[in-house]
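Trainee: Below you will find the structure I want to go over with you.
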Amino acid sequence: MDNPNCFHCGNDVVKAEEIVFDERIFCCNGCKTVYEIFSLNDLTCYYDFENAPGATPQDIKGKYDFLDNEDIVSKLLEFDEDSIRIVSLYIPHVHCSSCIWILENLHKLQNGITTSQVNFHSKKVRVTYNPSETNLKEIVLLLSSIGYEPYISLENYDAKKEAVDRSLYYKIGVAFFCFGNIMLLSFPEYFEVGEFWIEQYKGFFRWLIFALSLPAFFYSAWGYYVSAWKSIKSRMLNIDIPIALGIVVMFIRSTVDIAFNYGQGFFDSMCGLIFFMLLGKLFQQKTYNFLSFERDYKSYFPIAVTKMHNDGTEEAIQVYDVNKGDRLLIRNQELIPVDGILISESTLIDYSFVTGEAEPIEKKSGDKIFAGGKQLGKVIEMEVLHSVSQSYLTQLWSNDVFQKKVNQKYKTITDTLSRYFTPALLILAFVSFGYWILIDTSTAFNVFTAILIVACPCALALTAPFTLGNVLRIIGYKKLYLKNATVIEQLAKVDTIVFDKTGTITSNRKSAIEFFGTPISESDAILVKNILRGSNHPLSRRLYDFLPQTEIKKVEHFEEITGKGISGTIEGKTVKIGSAEFIGKKKDNQIKQTSVHISIDDNYLGNYVFDNQYREGLEKLFFNLSKTHDVKVLSGDNEGEREVLERLLPKNTELVFNQKPEQKLAFIENLQKQGKNVLMIGDGLNDAGALAQSNVGISITENVNVFSPACDGILDASQFSKIGYFLNFSKNAMRTIMMSFGLSLLYNVVGLSFAITGNLSPIVAAIIMPLSTVTIISFVTVISNIFSKKG
Amino acid sequence: MSVIYLLISISIVVALVFLYIFIRAVKSGQFDDDYTPSVRILFDDELKKNPNKSEKQN
């Protein structure tokens with residue numbers, strides 16, 4: 001397409017709707033308005049940093065009226081005093097340096113805002129304002145009007161400010177301080193050439209080193225002692241036992257050494273070890289601040305709804321305050337927070353997020369509507385049947401099986417290995433002790449401690465964090481965001497893959513549209529397109545986008561009957577678009593596909609059939625996956641697509657339809673009982689249970705900033721075809737770890753041969769330990785990068 | 001030779017000062033967001049383009 005792009009948002013500009021302003025082209029009025037606001041305030045630098053950084057502002061009429069309610073506002077505030085208020089707002093659109101710039105210059109757009117500060121990673125802006133000059137609602141409206149609509153949900157309500165845990169940084173700082181100083185102070189003795197001054201100051205150096213090692217030993221390494229103790233108590237041998245043992249033995253032996261003047265001890269190796277292992281922990285701790293993997297229904301729910309009083313007045317109230325019998329007003333695109341009965345004539349409700357059904361469902365006055373649906377259409381009125389906590393969705397969510405099991409503790413590869421490593425080490429230590437005690441008691445103690453010191457599995461413990469941390473970063477660049485490093489290990493073990501249909505293997509964005517009936521002439525197509533222009537119904541929008549570009553004609557008598565169709569007159573011709581009943585044709589029950597019927601001047605022309613559009617590369621992906629894995633498709637939708645899917649997918653793919661959320665969960669559970677490791681890939685709330693139950697649950701989303709259900713990983717929809725690559729890569733990551741384990745065991749053998757023969761001097765330890773650490777880290781980094789390119 | 005006590009004490013004190021500064025930096029949240037400040041520093045130049053007009057409010 002050679003269409004120009006909008007100067008503000010970068011979307012293609014439709015010629016007919018093009019707006020030229022200030023010699024720049026805009027796709028719509030919204031974008032132009034934002035540009036106007038910026039140029040009026042001398043903020044056009046916004047466009048200098050990035051090309052077309054903006055977003056089209058959405059219509060938000062009345063959406064934030066609840067911010068007039070002081071009670072709600074005060075719950076959102078971070079800090080509240082007479083003339084200063086601070087609020088943190090989550091803004092999903094933040095994505096580039098232009099965003100940071102404009103958001104940090106908010107004070108130029110609105111009086112009363114003192115400062116605003118962006119945290120790019122968590123996509124938050126922290127606004128400080130003066131409540132006597134402006135208020136939260138004005139700020140939110142301002143942000144929305146420039147295309148940065150904040151997301152305020154029930155989750156923000158009364159959210160306690162989480163204390164950020166920075167103890168790992170402190171520990172690393174302290175460990176590095178001790179390590180560095182001790183190393184420098186140890187050097188003189190390493191290069192001891194029997195000089196007089198060293199002899200004279202030896203005591204001073206040694207006791208200074210001892211004092212410096214105390215903070216590292218007691219503070220930085222504390223976590224290892226705790227973890228080792230816990231694992232002994234629960235009789236699960238993890239890697240922290242030999243580590244803690246090594247550190248403690250090293251400390252005691254070194255203290256004894258200097259106290260009785262045997263030597264200088266291993267303090268530098270000990271602190272180095274602690275430092276490197278903490279560093280490994282930090283490296284593994286890659287988190288995506290802007291994503292959350294632990295969402296529940298609260299983050300989808302609005303914070304307030306509009307309540308209608310008997311006298312016709314409207315009031316914004318907190319959703320928890322909604323009671324049975326209240327009348328609520330739900331606007332277009334708003335989420336229905338509670339179960340209720342529809343009072344308005346009719347509406348369309350999109351339950352795709354709850355049930356997985358692709359098409360909106362029509363509801364008539366008196367019908368029951370459930371929480372979790374999205375209202376599409378005009379403003380509706382509803383009467384509440386249950387309060388929030390008793391509504392279907394909330395109940396479903398609170399159901400135990402929907403909670404990700406905490407006690408489902410996964411044994412990491414390092415822990416598995418240390419189950420053999422720890423006993424072997426102890427046996428070796430005691431055997432050599434038994435051997436040497438027959439020859440020489442003091443050497444026996446030396447050997448015993450030396451073995452525990454040198455075998456302290458520093459390299460072993462570093463392998464997994466550095467490999468997995470690196471892999472986590474690499475696949476993060478490729479837009480699969482995992483919750484933590486253990487997910488990679490589990491991903492490597494997956495043998496069964498279950499896909500959800502709607503929204504997962506189909507894309508919500510585009511649908512292939514086919515026309516059945518009398519071939520439609522070009523002039524008729526122009527009429528249809530012009531009628532569609534006026535309609536906001538999702539099918540109308542899709543059909544509108546599908547039809548070729550045309551000139552704009554004037555539509556008369558335009559009418560939209562919600563749930564039925566639209567009609568209008570152009571150049572004297574009456575065009576009707578809508579359901580079969582609306583056109584006056586008998587409903588054909590055989591066809592399960594979604595279709596829109598057309599008639600012009602009461603002449604039935606035919607219907608447009610909307611196919612679910614499958615994601616690109618689906619066939620190839622399934623073909624490749626089915627060679628190595630069991631592949632299944634689980635859908636909440638009806639069987640309308642079975643034939644198409646059977647044609648598209650490999651023969652051995654199991655297809656299951658009409659699955660409710662609970663059934664999906666049971667399906668996964670059943671597979672697991674058969675001993676399978678299940679990877680579930682889904683998208684909506686309807687998959688939430690299955691995602692939680694599966695060994696690895698990955699939720700797929702068109703836009704990672706939009707909320708996805710609780711899961712282990714979030715995959716950008718554009719990377720759908722790469723699922724096979726990710727599975728492969730995670731397997732290779734485990735291979736890398738195994739190779740590196742081999743390497744570190746080799747170091748252990750070398751070290752142990754020194755130790756058993758009683759030759760482990762501090763200087764040997766001081767060379768072996770950092771050397772093994774450095775080689776292991778560089779080895780795993782290089783190998784995992786090579787694997788990532790290979791795919 | 002006892003100057004060595006003095007020198008080493010000084011070196012340890014200097015290291016302690018750096019440790020203290022590091023801990024204070026962590027505490028103030030400097031390591032929580034490692035991206036935004038690096039971008040923010042570039043904006044100062046952009047603003048100087050028309051410093052007089054930027055006071056104009058809507």
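Cβ from N, Cα, C; glycine included.
The annotation domain 'HMA' is assigned in TrEMBL to A:85-151. The transmembrane segment annotation in TrEMBL covers A:168-187, A:207-225, A:237-256, A:262-283, A:420-439, A:445-472, A:737-757, A:763-787.
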Trainee: Counting Cβ pairs under 8 Å that are 6 or more apart in sequence, does the total for the transmembrane segment (A:168-187) and the transmembrane segment (A:420-439) reach three or more?
Mentor: no
Trainee: Count the CB pairs under 8 A between the transmembrane segment (A:262-283) and each of A:207-225, A:237-256, A:445-472, A:763-787, then give me the winner.
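Mentor: Going through each listed stretch, the top one turns out to be A:207-225.
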Trainee: Counting Cβ pairs closer than 8 Å, which of A:207-225, A:237-256, A:445-472, A:737-757, A:763-787 has the most of them with the transmembrane segment (A:420-439)?
Mentor: A:445-472
Trainee: Mind checking which residues of the chain, 6+ beyond the ends of the transmembrane segment (A:763-787), have their Cβ under 8 Å from one of its Cβ atoms?
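Mentor: Same-chain contacts beyond the ends: 186, 190, 266, 268-269, 272-273, 276, 453-454, 458-459, 462-463, 466-467, 470-471, 474, 729, 732-733, 735-737, 739-740, 743-744, 747, 750-751, 754.
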Trainee: Quick test of the contact rule: Cβ under 8 Å, at least six residues beyond the ends. What residues does that give for the transmembrane segment (A:737-757)?
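Mentor: For the transmembrane segment (A:737-757), the far contacts come to 413, 417, 428, 432, 447, 450-451, 453-455, 457, 459-460, 462-464, 467-468, 764-765, 768, 771-772, 775-776, 779-780, 783.
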Trainee: Residue list, the transmembrane segment (A:207-225) vs rest of chain: Cβ under 8 Å, 6 or more residues beyond ends.
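Mentor: Sequence-remote neighbours of the transmembrane segment (A:207-225) are 171-172, 174-175, 177-179, 181-182, 185-186, 240, 243-244, 247-248, 251, 254-255, 258, 264-265, 267-268, 270-271, 274-275, 277-278.
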Trainee: Reported in the order helix, strand, coil, what are the DSSP residue counts of the domain 'HMA' (A:85-151)?
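Mentor: Final tally across the stretch: 21 helix, 19 strand, 27 coil.
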